[in-house]
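Reviewing the structure listed below.
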């Protein structure tokens, strides 16, 4: 009699994904972030579901309903801060996951990579709409500024913005629809994750050497289930430390002031995880140009597989490319810092230089250095 694990129509799908999946024997902790993102998504959906039971998506009561959750609902404060800081953990894991893909050449699995880019866009859209829901000052003005960017689209821009707003300004209709989409999108993301994994399991995982590991694979369980479990423990400990000791560390104090359309905050800025893109947007004086640069700052990832000129897949044995990669990381940290600064000298010029360098590294320097390394290795 065959094992139910291998014969049951549903269980065998789980078995082939989580138990008997052949995995490379040498994947490092950088491969933990995929499962950590799954945990983050689970935490966000669960905490979000319970928050939605007490939240009201109405301009008159939204801010007070969030206060009510924190003060009056049993353990409402921990739900709210787990959800807010869980988003930060989500993005930390996301950026490390994408960075891992860039460093080790995982982008050569093009279907998995492209679905990943779509997932990144979907998570960013969800996070943006979630930030609007507490209806504080930064929620309102962030929504106004970011949705207004669509007005830069020629001919249809203004109509498009008013269509999204549901009126002539960010108001009740906007808040209600943002809540609806913020609730819906995580489930669409969960479905996209399934497709992401489906494509990944078609080819199998990459590994730090970038060399096919078919001849040296080990079963996912127990080796990587226990390794993932340790990752979960570390991440949840970090999240709980943040939530229980300094829950407002990454938030904006302006969002503790109820939304007021008549009073603009001195510095409108998004959450920290969008600051690098916001800095790129602000570094271009033209509105349409800024919007295009903003979209391209993420969309540029889609052409990375086409720009892979090295004869090696991974950067493990390419020290010059490694230097360039870490320059890109430093550059992104610089952009994140600039995004949170006021628009004045010297921040403007630093932001412009960092923005140019960001696209230069990905589009020009990486492919050229890879060709040079091929020659140095006489390949």
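Each residue, glycine too, has its Cβ placed from N, Cα and C.
Through the fold, the transmembrane segment (33-53) approaches residues 69, 76, 79-80, 82-83, 86-87, 89-90, 93-94, 96-97, 100, 182-183, 186-187, 189-190, 193, 228, 231-232, 235-236, 239 of its own chain, all at least 6 residues removed from its boundaries and within a Cβ separation under 8 Å. Per Swiss-Prot, the feature transmembrane segment maps to 33-53 (among others); the stated evidence is similarity to another entry.
Swiss-Prot lists 77-98 (among others) with the feature transmembrane segment, giving similarity to another entry as the kind of evidence. Taking Cβ pairs closer than 8 Å, the transmembrane segment (77-98) reaches residues 30, 33-34, 36-37, 40-41, 43-44, 47-48, 50-51, 66, 69-71, 116, 120, 123, 127, 130, 235, 238-239, 242-243, 247, 250-251, 271-273, 301 in its own chain, all 6 or more past its ends.
Summarising the annotation, Swiss-Prot assigns heme b b562 binding site to 83, 182 and lists similarity to another entry as the type of evidence. Long-range Cβ contacts of residue 83 (heme b b562 binding site) within its own chain (separation 6+, distance under 8 Å): 44, 47, 48, 51.
Taken from Swiss-Prot, the feature heme b b566 binding site applies to 97, 196, supported by similarity to another entry. Within 10 Å of the Cβ of residue 97 (heme b b566 binding site) there are 20 other Cβ atoms, across all protein chains. A helical conformation is recorded for residue 97 (heme b b566 binding site) in the three-state DSSP classification.
Residues or ranges marked as transmembrane segment by Swiss-Prot on the basis of similarity to another entry: 113-133 (among others).
Under the heading transmembrane segment, Swiss-Prot lists 178-198 (among others), citing similarity to another entry as support.
Cβ neighbour count for residue 201 (ubiquinone binding site): 14 (other Cβ atoms within 10 Å of its Cβ, all protein chains included). The annotation ubiquinone binding site is assigned in Swiss-Prot to 201.
Here the transmembrane segment (226-246) has long-range neighbours at 29, 32-33, 35-36, 39-40, 43, 78, 81-82, 85-86, 88-89, 93, meaning same-chain residues at least 6 beyond its ends whose C-beta is under 8 angstroms from one of its own. What Swiss-Prot lists as transmembrane segment is 226-246 (among others).
Residues or ranges marked as transmembrane segment by Swiss-Prot: 288-308 (among others). Beyond the transmembrane segment (288-308), the same-chain residues lying 6 or more positions past its ends with a Cβ under 8 Å from any Cβ of the stretch are 98, 102, 105, 107-108, 110, 113-114, 117, 120-121, 124, 149-150, 152-154, 276-278, 280-282, 355, 358-359, 362-363, 366-367, 370.
Residues or ranges marked as transmembrane segment in Swiss-Prot (evidence: similarity to another entry): 320-340 (among others). Residues 99, 102-103, 269-270, 272, 274-280, 282, 310, 347, 350-351, 354-355, 357-358, 361-362, 365-366, 369-370, 372-373 of the same chain lie 6+ residues outside the transmembrane segment (320-340) yet bring a C-beta within less than 8 angstroms of a C-beta in it.
Marked as transmembrane segment by Swiss-Prot: 347-367 (among others).
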